[in-house]
Amino acid sequence: MDYKSSLIQDGNPMENLEKQLICPICLEMFTKPVVILPCQHNLCRKCANDIFQAANPYWTNRSGSVSVSGGRFRCPSCRHEVIMDRHGVYGLQRNLLVENIIDIYKQECSSRPLQKGSHPMCKEHEDEKINIYCLTCEVPTCSMCKVFGAHQACEVAPLQSVFQGQKTELSNCISMLVAGNDRVQTIITQLEDSCRVTKENSRQVKEELSRKFDALYAILDEKKSELLQRITQEQEEKLSFIEALIQQYREQLDKSTKLVETAIQSLDEPGGAIFLLSAKKLIKSIVEASKGCQLGKTEQGFENMDYFTLDLEHIADTLRAIDFGTGKGGGCVTYLFPLLDPWKSASFRLSPTGRQTH
């Protein structure tokens with residue numbers, strides 16, 4: 001502790017020194033033995049032990065039988081947490097320097113005469129010091145007020161006994177509050193851990209959900225490509241059949257056109273003998289060509305592709321119904337992705353008048 005700078009800045013060194021020697025728990029001058037924490041703050045060992053026992057109710061040592069491996073202690077000044085060993089507060093190092101300063105300070109104070117005005121005086125009796133405490137009115141007063149003044153009918157007690165009692169009560173309250181703060185800090189730590197675990201669990205289920213949907217998208221793309229390929233194959237087969245018919249009809253048309261030209265030339269032949277030599281054969285060729293017009297053809301509705309239809313309404317309804325389940329734990333997630341199997345086997349529904357035969 002840096003007492004020197006504080007003493008120089010204050011006009012009353014002894015009074016400032018006393019402020020430096022106040023325990024932050026009992027708010028009184030340190031009572032020996034004084035212990036020093038790793039954070040360099042000092043405490044009365046009794047005060048520190050009271051707080052430690054309140055924060056660790058199952059830890060007893062020195063005189064008790066139960067002794068855990070250690071406990072936690074939080075400095076009331078800076079909130080630094082100290083992990084105690086099995087000795088608890090008694091394992092902390094004593095600050096002999098502070099204890100020596102306390103002894104010197106008390107000796108100095110006892111050798112000095114009491115300064116005028118250092119003790120509060122009664123307002124009603126200006127020459128009387130306040131030396132008793134009115135228990136009825138709960139105010140400090142003087143002996144004259146009890147004998148002749150406003151507190152004649154009141155119950156009073158020595159000022160020092162009430163002073164010690166209330167200081168003890170305040171110290172106990174401080175210990176309770178510090179212990180309560182430690183419990184609150186523990187709860188905060190637990191809640192912070194809960195936030196971290198919740199975030200991690202959320203990240204994991206999000207990744208799992210994304211993997212499930214990616215698998216669904218992959219199946220849809222695969223099935224889409226497969227069905228489009230089947231439509232393309234059907235289209236190519238139909239077009240191939242139609243183009244073959246077109247080629248046959250064109251060949252028949254060319255043949256018929258040539259026969260017509262030959263027949264017209266025969267009609268122009270003036271000689272009967274020459275005409276008769278080729279007429280019969282020509283007529284026979286024309287009759288056979290006429291019969292050849294009965295080539296293959298497409299039936300009605302051959303161009304129709306409506307039989308490539310999918311009934312996906314039930315699957316769409318199932319997809320819309322995908323949701324998370326609510327198990328007993330409140331965090332159970334039920335995925336409906338076994339529905340992927342019907343997608344894998346999805347196929348076209350053929351109408352009764354489906355694809356035509358060639």
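Cβ coordinates come from backbone N, Cα and C, glycine included.
Remember, TrEMBL labels are computer predictions, not curated facts.
The annotation domain 'RING-type' is assigned in TrEMBL to 23-79.
Here the domain 'B box-type' (117-159) has, by DSSP, the following mix of helix, strand and coil residues: 6 helix, 11 strand, 26 coil. Under the heading domain 'B box-type', TrEMBL lists 117-159.
The coiled coil feature in TrEMBL is assigned to 188-266.
Here TrEMBL flags 267-325 as domain 'COS'.
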Q. Within the domain 'COS' (267-325), how many residues are helix, strand or coil going by DSSP?
A. 29 helix, 1 strand, 29 coil
